[in-house]
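> Submitted below is the structure of interest, expressed as structure tokens.
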Amino acid sequence: MDMEARRHDTKGESVCVMSEEITVDWRGKPSNPNKHGGMRAAAFVLGLQGFEIMAIAAVGNNLITYVINEMHFSLSKSANIVTDFVGTIFILALLGGYLSDSYLGCFWTMLIFGFVELSGFILLSVQAHLPQLKPPQCNMLADGENCVEAKGFETLIFFVALYMVALGSGCVKPNMIAHGGDQFDQSNPKQSKKLSTYFNAAYFAFSMGELFALTLLVWVQTNSGMDVGFGVSAAVMAMGLISLVSGTLYYRNKPPQGSIFTPIAQVFVAAMFKRKQICPPNPQMLHGSQNNVPSSGLVAPSSDPGRLVLTQRFRFLDKACIKVEDGSNRKESPWRLCSVTQVEQVKILISVIPIFACTIVFNTILAQLQTFSVQQGSAMDTQLTKSFHIPPASLQSIPYIILILVVPLYETFFVPFARKITGHESGISPLQRIGAGLFFVTFSMVSAAIVEKKRRDAAVDSDKILSIFWITPQFLIFGLSEMLTAVGLIEFFYKQSLKGMQAFSTAITYCSYSFGFYLSSLLVSLVNKVTSSSSTSKGWLSDNDLNKDRLDLFYWMLAVLGFLNFLNYLFWARWYSHSLISVSTTAQQDPHGDSNGFTNSSKHVGDESIP
């Protein structure tokens, strides 16, 4: 029997029917549940997760120093190089997800592009070590006007190396999460619970990697030179690939499904050509219809474990399934006639877009902690002892220290406690987790605004300098909100994703970082333009001196924006949950709809309910 039914007694849930996924071992043979998958296999992927982020974060956090001091680019040009590099990584995650789901599979995508990333680190190390590949040494601070900027072959080598790293990292990132999640069979109740544990463990590995990068590896780069620092990143990445390969015999792999975009495009094309058609009153008449019972868009019980059944959302797309009777047996083109399964896949994609969009403001706030909050710390007393000063950039490690402490506590204590109350396998649903994170992040900006006002008043009115520890709370609050939002978003997208699209769906979550940083740049420019509209006043952020700027007002604006974004999120989360709950209720009230003896799967109804 390839189907497994599960019952839940929690509110809003009925019988849950999940289909067994098709997975293979490293030789392409069907995987054995006793030998393949589970937390043992996922642990090897977690090793790659920790080492890869350690390697890339060490380069990203100190890249601007290398570009200015070694390549002699200007400050503005160097800043653009760094932001373009980071943005490219997250955008290329879409390419990695597409190649994995369509053609290569997660394992081979990670292995191939992991070596591309490793080669980029090695080439950066070689360039940083060889004087022939860099402009003549020069002190940019003391004699910047006379320093020769890198050009020609020097810049070619640098940008080839840098974007090899970006290409490799971008394509590896979404597949680490997806491949680790693939090790758990969601049709098995025990493994389904462990899936949530895996997502928490993945973020713990990410936090450990970031913390080591921001402390140990950055220290090596600062004290031993960038050539040694890039070399250490290469060595760390090599350790990650060794971890990945070591688990080969234990992985359960999902085979690629062919192009993931073609079936989606076919739905829109077919729906457009048949836009004037009228849907039949009986959904059974639609092409590929399983039955007339609405479903939450999950796998339906049938001989085809990937078949979905019809829902009531976005019904204009159902026209793509209308069969045109022209008196002949001629088969319609797949660009004119689609199955219900195809249409439902597109509906799922459209439904999750608003949830994704609500996390962009969250990452806009993250951008402030990596820029203005570091500047804020630079204007404060950084002295810890007589001989040691805290580097303001090291404040970025605070959220990761918090995450390393909080994630195990969350998994060990909060999840079991919440599970007893909610009956949910993850303690609280991914949507509830995202909402809590978006709510708390507002208070990170409130804390930042209050502290900045106090710092500015002390500096301007009393000529006093506050201790840098005053800005710790904003990083602490953000660390908690990041654990909730980031992990919740990844878990939500993975569980809601379509058959064969887990890697690409995970890649979409990384785009939120890019959009958040782009929105941050736009907001800064817009705020300066609006607040400096009068000839007598300067913009809030127009000076390089924080004592003259009004960073506190900018933080208050972000706090208000964050709270409005939270309210917007509640609307879309309720809309998403209501559509699933109403579908579940319709199915339970229909005494004739389920001719096969199954009710529709309501796992996601309970998963995504918002009180």
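Here the Cβ of each residue, glycine as well, is placed from N, Cα and C on the backbone.
Feature annotation from TrEMBL assigns region 'Disordered' to 588-611. Look at TrEMBL and you will find 41-59, 79-99, 106-126, 156-177, 198-220, 232-251, 346-366, 398-418, 430-451, 471-494, 506-527, 553-572 tagged as transmembrane segment.
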> Looking only at residues six or more beyond either end of the transmembrane segment (41-59), which have a C-beta under 8 A from one in the stretch?
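Residues 89, 110, 114, 117, 121, 124, 165, 169, 172-173, 176-177, 179-180, 183-184, 198, 201-202, 205-206, 208-210, 212-214, 217-218, 221, 229-230, 232-234, 236-237, 239-241, 243-244, 246-247, 250-252 contact the transmembrane segment (41-59) from elsewhere in the chain.
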> Considering only Cβ pairs under 8 Å, which range in 79-99, 198-220, 232-251, 398-418 makes the most contacts with the transmembrane segment (506-527)?
79-99
> With the transmembrane segment (79-99) as the reference, which stretch in 106-126, 198-220, 398-418, 430-451 has the largest tally of C-beta pairs below 8 Å?
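Against the transmembrane segment (79-99), the leading stretch is 106-126.
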> For the transmembrane segment (398-418), could you work out the same-chain residues 6 or more beyond its ends whose Cβ comes under 8 Å from its Cβ atoms?
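Residues packing against the transmembrane segment (398-418) from afar: 196-197, 200-201, 203-204, 207-208, 210-211, 214, 369, 424, 426-428, 472, 475-476, 478-480, 482-483.
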> Hey, does the transmembrane segment (232-251) touch the transmembrane segment (106-126), meaning at least 3 C-beta pairs closer than 8 angstroms, sequence gap 6 or more?
yes
> By Cβ distance under 8 Å, which residues at least 6 away from the ends of the transmembrane segment (346-366) in the same chain are close to it?
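Apart from its flanks, the transmembrane segment (346-366) reaches 264, 267-268, 297, 311, 313-314, 317, 431, 434, 437-438, 441, 444-445, 478, 481-482, 485, 489, 492-493, 496-498, 505, 508-509, 511-513, 515-517, 519-520, 523, 558, 561-562, 565, 568-569, 572-573, 575-576, 579.
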> Should anything in the same chain at least six residues away from the transmembrane segment (232-251) have a Cβ under 8 Å from its Cβ atoms, list it; otherwise answer none.
25-26, 35-37, 40-41, 43-45, 47-52, 54-56, 58-59, 107, 110-111, 114-115, 117-118, 121-122, 124-125, 179, 182-183, 217, 220-221
